[in-house]
Amino acid sequence: MIPRIGMKAKNILPSVLGFIFIIFGISLVVFYATKSWETFLNLCPNKDFLSWDENIRLNQVLDQYVDFRNGSWFRGIMPFLESPTWPPLRSVLTFVTLFLPIDAYETYRDSFLGLFFLILVYPGLVFISFRITKSLLWAGILSGLIFILTIQTGEVPAYSLSSMLETQSMFFLLFSIYAIYRLYDVDNRESEIDSGTKWLVFFSLFGFYFTKYPYGILFFMACFAYELVRSPSKYKDVLVYLLKHYARGVRLVYLVFVVLMVFSLPVLRVVTKINLNQKGFKQFMFGITFLLFVDLSVYFFRKRDEIKKVFPKTAVVLWIYAIFPAFLWLFMNPDRVNALIDAQMIVNAYTRSFFLTLWTEPGLDPSVPGVFDFIWGFRTLIIFSVLSLLYFLFRSGTKFPTKLKDPLLAGTVILFLELLILEVTTGNKQPRHVLQFIPAIGLMSFLWILRLYELAETKIEKLASVSVFLLTSLFVFSNSVYSQGILSGKFYETKMFCYRGMNVGDFQPAREIAEQITPEKKYVLINAFHFEEKYNTRGRVLASDFDLAMKLKTFKQGMVRNDNKYRWKEWTDFDSVLLLSDVCPDSFVEEKFENRTKILNSKSTLLSTYRESSGIACLQEYKLLK
């Protein structure tokens, strides 16, 4: 059942205190959001640019805006449906902001979405805490402490003012853990799982998947692992059923082969030097996994009445409302599978371990950059929550299999497994990948400490549990009054808020190049810095920034579109061709230009040449002859 922690809601005093704590939390969030946004606007010199990934997403959205403006609705919608590397959710939100009647530069709107999702984390914490504890007091206290824990990190302030996806992941992972809690809680209490719980699973897990494909898939793997531990006898029957009715003969061999191929990817990356980032191999992986998915889905649909009797109800809900639609979307575009394999091959050893990144004090070990300002707030929270969890597991009075079905344990185990699988399977160990876990870890940890009070039977035990909660709360709250705390007055003097850096000259070449084009004209762009042959040039790091600067200048009246032989079968919609490279003239980019003009039977004449002042880039404009 859902634990009713603390005083009943009908007791007026706790409710009033809870309301006061919530008002304090809202005030803190409003102060943080407004002051951070003001700092971002006044302090950061490169607000007109984003990072590499963000640039690519915004460039695509600007192209879609132009397509819709020109009446090419199908071409404008298709990128949302294709979305091979990043799910379309963030791009859809960015696209909507372009139509809002507000006086804000386009990159400001996109950056604000990061802050918006961080703001949403707080009401999410209030709602979830209240739904679980049934106490306005605990909801007010926990939500405020967890929000403090979240913002008192080295990188969250900067990421919350960018278009990166960390704060969006925080929001949906938090709700995914709550959805898991509610799913298993309802399963323990009711004979059937209600529709509200099912749609909560869909909203939260699918939202998490639509933030970053790999994170969603890892979450499904964590759910599956917990399901096996929670109901071993049930899954023994499932295995017998599948071996008897589905996985027989060739199907069994094929199933084992595909599973081994998929799980071998992270192993092969670590222990061999085989280059798996090849088109043929990725097409092969798509083919074998797609065939298995279709065969398994068709079988489950045809035998759905039997499946519902054999499989646990929770597994059926997870399949119908999360796993099946997620993988259906994945296989609708082979490039999504290719992108997942590409992501698996990325190696960025910025930290030795995600677990150590959460646990380590910043600045002590260069190989493990910590994230928390005052590390003992997080450490105290984890230590006491783990002790409470162990006490719950090993105390007498309740059978161990029954304990394994506890919904709070379910959420905790799945959250831990998500981080563990990420730790084991990815070589892209950037510290920012742990930021999304902080609100969910904070919530689960505090709930375990509150559970300690519920488990207490004597006055001494109750006093000890209250002392543990007060001590933990004090240490976590100390983050806010620490030397870099939000309430210390030095937070905005010590934190990094400018994700694009403080040197305005870093992006000046892109600004200069964009100044040379006319907002009303329609350009097709051949950007040499996107080609491998130019990877060693100084302008390579600004490749997407050049694109963004020119697109931002023209998207309302004209357009700048990157040339693509598959998309642009003719150049009749354009006025000029832009050649961007490190030097002028450049035989490399001119050869590509000549090849395209021959194929398209197009003629042009050189109109202008501009050499950027730092010498990084040079722009040539060729007028197309109609």
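Even glycines carry a Cβ here, placed using N, Cα and C.
Just so it is clear, the model here is predicted, and its values are computed rather than measured.
Per TrEMBL, transmembrane segment is recorded for 12-33 (among others).
Residues or ranges marked as transmembrane segment by TrEMBL: 112-130 (among others). When Cβ-Cβ distances below 8 Å are used as the criterion, the transmembrane segment (112-130) is approached by residues 22, 25-26, 29, 33, 36-37, 90, 93-94, 97, 104, 136, 138-140, 142-143, 146-147, 150-151, 156, 159-164, 166-168, 170-171, 174-175, 178, 439, 443 of the same chain, each at least six residues removed from its ends.
Annotated transmembrane segment per TrEMBL: 136-153 (among others), in sequence order.
What TrEMBL lists as transmembrane segment is 165-184 (among others).
As annotated by TrEMBL, transmembrane segment applies to 199-226 (among others).
Taken from TrEMBL, the feature transmembrane segment applies to 252-272 (among others).
Feature annotation from TrEMBL assigns transmembrane segment to 284-302 (among others).
Residues or ranges marked as transmembrane segment in TrEMBL: 314-332 (among others).
The annotation transmembrane segment is assigned in TrEMBL to 374-394 (among others). Same-chain neighbours of the transmembrane segment (374-394): 149, 152, 358-362, 400, 403, 406, 409, 412, 441-442, 444-446, 448-449, 451-452, 455, 468, 471-472, 475-479, 482, 485, counting only residues six or more beyond its ends whose CB sits under 8 Å from a CB of the stretch.
What TrEMBL records for 406-422 (among others) is transmembrane segment.
According to TrEMBL, the transmembrane segment annotation covers 434-451 (among others).
Residues or ranges marked as transmembrane segment by TrEMBL: 463-482 (among others).
Here the listed stretches are 136-153, 199-226, 252-272, 314-332, and the one with the most C-beta pairs under 8 angstroms to the transmembrane segment (463-482) is 136-153.
Among residues of the same chain six or more beyond the transmembrane segment (406-422), those with a C-beta under 8 A of the stretch's C-beta atoms are 2-3, 132, 173, 177-178, 180-185, 188, 215, 218-219, 221-223, 225-226, 229-230, 354-355, 389, 392, 433-434, 437, 440-441, 444, 447-448, 451. Stretch with the most C-beta contacts under 8 angstroms to the transmembrane segment (434-451), considering only 12-33, 165-184, 199-226, 252-272, 314-332: 165-184.
Relative to the transmembrane segment (165-184), the listed stretch 199-226 leads the set 12-33, 136-153, 199-226, 252-272, 314-332 in CB pairs under 8 A. Per-stretch counts of Cβ pairs under 8 Å to the transmembrane segment (314-332) identify 199-226 as the leading one among 12-33, 136-153, 199-226.
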